[in-house]
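What follows is a set of notes on a single structure, which appears directly below.
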Amino acid sequence: MSSCKTTLSEMVGSVTKDRGTINVEARTRSSNVTFKPPVTHDMVRSLFDPTLKKSLLEKCIALAIISNFFICYWVFQRFGLQFTKYFFLVQYLFWRIAYNLGIGLVLHYQSHYETLTNCAKTHAIFSKIPQNKDANSNFSTNSNSFSEKFWNFIRKFCQYEIRSKMPKEYDLFAYPEEINVWLIFRQFVDLILMQDFVTYIIYVYLSIPYSWVQIFNWRSLLGVILILFNIWVKLDAHRVVKDYAWYWGDFFFLEESELIFDGVFNISPHPMYSIGYLGYYGLSLICNDYKVLLVSVFGHYSQFLFLKYVENPHIERTYGDGTDSDSQMNSRIDDLISKENYDYSRPLINMGLSFNNFNKLRFTDYFTIGTVAALMLGTIMNARFINLNYLFITVFVTKLVSWLFISTILYKQSQSKWFTRLFLENGYTQVYSYEQWQFIYNYYLVLTYTLMIIHTGLQIWSNFSNINNSQLIFGLILVALQTWCDKETRLAISDFGWFYGDFFLSNYISTRKLTSQGIYRYLNHPEAVLGVVGVWGTVLMTNFAVTNIILAVLWTLTNFILVKFIETPHVNKIYGKTKRVSGVGKTLLGLKPLRQVSDIVNRIENIIIKSLVDESKNSNGGAELLPKNYQDNKEWNILIQEAMDSVATRLSPYCELKIENEQVETNFVLPTPVTLNWKMPIELYNGDDWIGLYKVIDTRADREKTRVGSGGHWSATSKDSYMNHGLRHKESVTEIKATEKYVQGKVTFDTSLLYFENGIYEFRYHSGNSHKVLLISTPFEISLPVLNTTTPELFEKDLTEFLTKVNVLKDGKFRPLGNKFFGMDSLKQLIKNSIGVELSSEYMRRVNGDAHVISHRAWDIKQTLDSLA
């Protein structure tokens, strides 16, 4: 993921046009003629500021706007309220269509073919034409044909309009046709936009309830807030983009100016068309009339159609799609996964009411869609018999349990690559594990949201008489907003980001950089902010049902916890703790009061950190008072042990149980045998004496009697004893001899008697055929070897040599019958101890214990996990 190149491609005029003076350079689109655009004014000043010159069209537009109010009064007095409302509703629909369809078509043809500009050039509308026919033009002022008279009139009218509008120093013929055409185009835009606005406002005014009780409530307060916010958006948008982008200037000519994101354009994509219409919904709240709300939704939706089919294509064609190589990193990762893994196919994704990437040969896709179909059909067929309380509990428990399951996978995957390891150790690939995760995550989303839809639908159906139509529509708008957020999020981060690919395939990431394109330009975590608004929309749709409020709180909390405590720490670990300020954050911090609060918090934080550092320095000074050899415990322990041995020798000079070379080696690496020297007074020795090997943690502090079994890890002290226990205990006795005062011998514990577990052990000498302890050796350590993992060949070589010495390898295959102490678990531990990965017992049985396959598989897993680090 990466930051996006700053261009105009995000929106019309989504940048500051530094036009403080007339020194801004501009050029025509096709002929590349450069010029300096004249100073222009906004729509309101042009029409209503008495200090500015007014053209004939501007005066007509102002009169038309004012006349709407007189017409409203007359129609109201003559035909009544309802007729007047519908009269202005029809007018609004006309002007809205003229805006989105009429202006849209004009701009479409101007963008593709420069129709208006070419028309002006063809008919010499803005050129100096002599009274006789110009040899280089098809235009003639002396012709009596209707067409030529018409264009002659248009020529004179347009030139008169511009001269009456612009200052005296404006030279009409010194500028290219593009700028003059744009100035005339602005007049018609003023007419359509102002009429669109005024007729809508009059319609809304006529729909406001007459009762003060219906007006003064929380809806009106929220509506006023939205209206004020809308006004700020429009004013700030014009401050940023100026007239050039406000009137679609780049459809006619291009300005050469620095592009800077600022103000409201940091908050939302296409703010003039998105949050710039919140006033519509504020007025709808004040009216509390669902008809007004539907009209507002129609107006807003048609504006988005204008954006999609007119502005965005022009922007992409003129400025590019606004993406660079870094911004497409996630998309390239998806392509790379498909390229390197031929059996990989894009995952099924649920977006709103549709499914993307359905694969007819993938069973899980049928299972997911079948689950939705079964739940929906079951609900429709049994709607009358479904208990809403039981359904609520089902939705709540399903959401909570499935979220815990998903969160656990992500947390353990982030900490130790647990999910990937689980599949690798069972013989599957890294990408296969990712595919299974994709199914799990998508199924989790589909299941929980399907249950939420069913619960909300039944809640509305059972209580429909109390449902407010406006609340129902507002709820659907919030659902649509969440659906849009999900689509924009996926568009920005692709499938790889949508499915938390950096948790599972971080080795595919080539650039450690978070994306700042699309919706992530405005919000750092859009899924945490807008990803639950649809769930809160169900609260509105159900008239604030308690069960839906509880579910909305659950959705919000689980979403917040997942982002805050699992996703954010992992992102910091993968991409670094770079502080990324969202567009909304930049705008808020740009406000002076909030900036002052932020500065105060930063100063307090610095004071606290400084005091903690000073206190830490003072506390560290006390450590210098300790002796220098305080931490050197090793020599002290050796001295204590020698003293204890000295005391034991004086008490019984012929009692001895020592490990050979114990002064040199206290850690025995398998398969190295451990040889034990023992000595007992002849009067205490019994032919049935035996020596057992135990974990120190098992025997604990009981020094007189062993209360745990040896598990077969024992040896006789004499070859003539324990004849019915096989040869193993005889072969371990390598030496025994007796004198007049004592008996001494030597016992060797090899791989047939030793433990194959890392740990601290001790030998215990037992009297006769009992568990009474006579002697205990010094504790020592046994550890598994660390095999050479430089190459898979060296790893295989060391592994086969070790298994051969342990007597569990036959024909290149692992056969645990050769040593009962070295089983499948021991082999797994050996591999894990050497290479850091674990293979499952099921996988090793599946490959028949083949040492070659096992060693190479373990080495491949190691390489995969290393690439994820």
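Placement of Cβ uses the backbone N, Cα and C atoms for every residue, glycine included.
Swiss-Prot assigns E255 and K746 to topological domains with different names, so the membrane separates them in that record. Fewer than three CB pairs closer than 8 A are found between the transmembrane segment (390-410) and the transmembrane segment (363-383), and contact between the two stretches is not assigned (pairs 6 or more residues apart).
The stretches the transmembrane segment (292-310) and the transmembrane segment (259-279) meet in space: the count of Cβ pairs below 8 angstroms, excluding pairs fewer than 6 apart in sequence, reaches at least three. Packing against the transmembrane segment (87-107) from elsewhere in the chain are residues 68, 72, 75, 79, 115-116, 185, 189, 192-193, 195-196, 199-200, 202-203, 206, 248, 251, 295, 298-299, 302-303, 305-306, 309-311, 314: each is 6 or more residues past its ends and has a CB under 8 Å from a CB in it. Non-local neighbours of the topological domain 'Cytoplasmic' (280-291) in the same chain are 204, 207-209, 214-215, 219-220, 222-227, 229-230, 299-300, 468-470, 472-474, 477; each lies 6+ residues outside the stretch with a CB under 8 Å from one of its CB atoms. Taking H, G and I as helix, E and B as strand and the rest as coil, DSSP gives the topological domain 'Lumenal' (108-187) the counts 48 helix, 0 strand, 32 coil.
Beyond its flanks by at least six residues, the topological domain 'Cytoplasmic' (77-86) meets 203, 206-207 of its own chain at Cβ-Cβ distances under 8 Å. Looking at the topological domain 'Cytoplasmic' (556-869) alone, the prediction's average pLDDT is 80. Here the topological domain 'Lumenal' (411-439) has Cβ contacts under 8 Å with residues 337, 341, 344, 347-348, 364, 368, 499-501, 503-505, 566, 569-570, 573, 837-840, 842-843, 846-847, 857, 861, 864-865, 868 of the same chain, all six or more residues outside its ends.
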